[in-house]
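Quick look at what TrEMBL lists:
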- GLY10, ILE11, GLY12, LYS13, SER14, THR15, LYS39, ASN180, ARG181: ATP binding site (BINDING)
- SER14: Mg(2+) binding site (BINDING)
- CYS95, CYS129: [4Fe-4S] cluster binding site (BINDING)
Amino acid sequence: MKIAIYGKGGIGKSTISCNLAIALARRGQKVLQIGCDPKHDSTFTLTGFLIPTIIDTLQSKDYHYEDIWPEDVIYVGYNKVSCVEAGGPPAGAGCGGYVVGETVKLLKELNAFFEYDIILFDVLGDVVCGGFAAPLNYSDFCLIITDNGFDALFAANRITASVREKSKTHPLRLAGLVANRTYKRDLIDKYVEACPMPVLDILPLIEDIRISRVQGKTLFELAESFSNLNYICDFYLNIVDQLLSVPEGVIPSELTDQQLFKLLSDFYLTNQCCDQSQIKNNVLFIE
Ligand code: ADP
Ligand code: MG
């Protein structure tokens, strides 16, 4: 099964991907995680260091695929999870889709692409141009990470549109949303009421998760020394169990930007979250 994990920058995609990868390994799956974010730190908590990217390796070998060995680009991390970083196109030039295409091409040449039970693509979703949507071409499911705020839901809605578009030509479905770093889910609930899709879990803001990133370890690795962290691992195991049961998922219909903005305004108006003086003629003015 191939799963593409998308969401706004900094929302927690890589943290969730790495911990899901370990949770999958704990469930007996052979896992490959492919970082498809130019930030190339997707697999950091699995390996404990920034591994060389596919693009850097290809460049250093003058794009001679035959000179590249699996161990040049596939690094084995904690709990035997295999890790690849696609890398990014040169700043201000090139295309993220090209990078993902080259990564998949190389993994196929190395006979590595079909060797795994699960491949996780960790992809940024601020801009879902055709390039960054490329991992959807190879995926069975898309999983979107969001919080309870407008920016992340706006990105989620864009990703939803990409899934709807790609599902016309690929056997792709949206597994649903995972909320991260939030206790509240009221705006998320409003969104999924308007644009139906499952919510797989809600992870609160937990200081130990932030610390795990700094320490370069997944929560599962830390929990081996600190059993009080096991409750956090259970969030990830719960998500993985839902994915392994092959969820039905949805082919979504995204909202228009106007609908999404109206949803937000209505939400703030009905919840009176703001100063009433900011509301004129039933329109929210944010200065
Ligand atoms: P992304 O891959 O989406 O850019 P990261 O996974 O790198 O985001 O996470 C961004 C930051 O947020 C990291 O410092 C990470 O440790 C922290 N973080 C992620 N999830 C949580 C959480 N549930 N609670 C606290 N901090 C979190
Ligand atoms: Mg990341």
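Cβ coordinates come from backbone N, Cα and C, glycine included.
Annotated features, which come from TrEMBL, shown on the structure.
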residue: GLY10; record: ATP binding site; DSSP class: coil
residue: LYS39; record: ATP binding site; DSSP class: coil
residue: CYS95; record: [4Fe-4S] cluster binding site; DSSP class: coil
residue: CYS129; record: [4Fe-4S] cluster binding site; DSSP class: coil
residue: ARG181; record: ATP binding site; DSSP class: coil
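Its own atom aside, the Cβ of GLY10 (ATP binding site) has 14 Cβ atoms within 10 angstroms in the protein chains shown. In this entry, ATP is bound by GLY10, ILE11, GLY12, LYS13, SER14, THR15, LYS39, ASN180, ARG181, whose most widely separated C-alpha atoms sit 20 angstrom apart.
With respect to ligand 1, the binding-site residues GLY10, SER14, CYS95 contribute GLY10, SER14 as residues with a C-beta closer than 6 angstroms to one of its atoms, given in sequence order. Each residue contributes its Cα atom, and for GLY10 (ATP binding site) and CYS95 ([4Fe-4S] cluster binding site) those atoms are 21 Å apart.
Annotation for the binding-site residues CYS95, CYS129: lowest Cβ count within 10 Å of the residue's own Cβ, CYS129.
Checked against ligand 2, the binding-site residues GLY10, GLY12, SER14, CYS95, CYS129, ARG181 give SER14 in sequence order as having a Cβ less than 6 Å away from one of its atoms.
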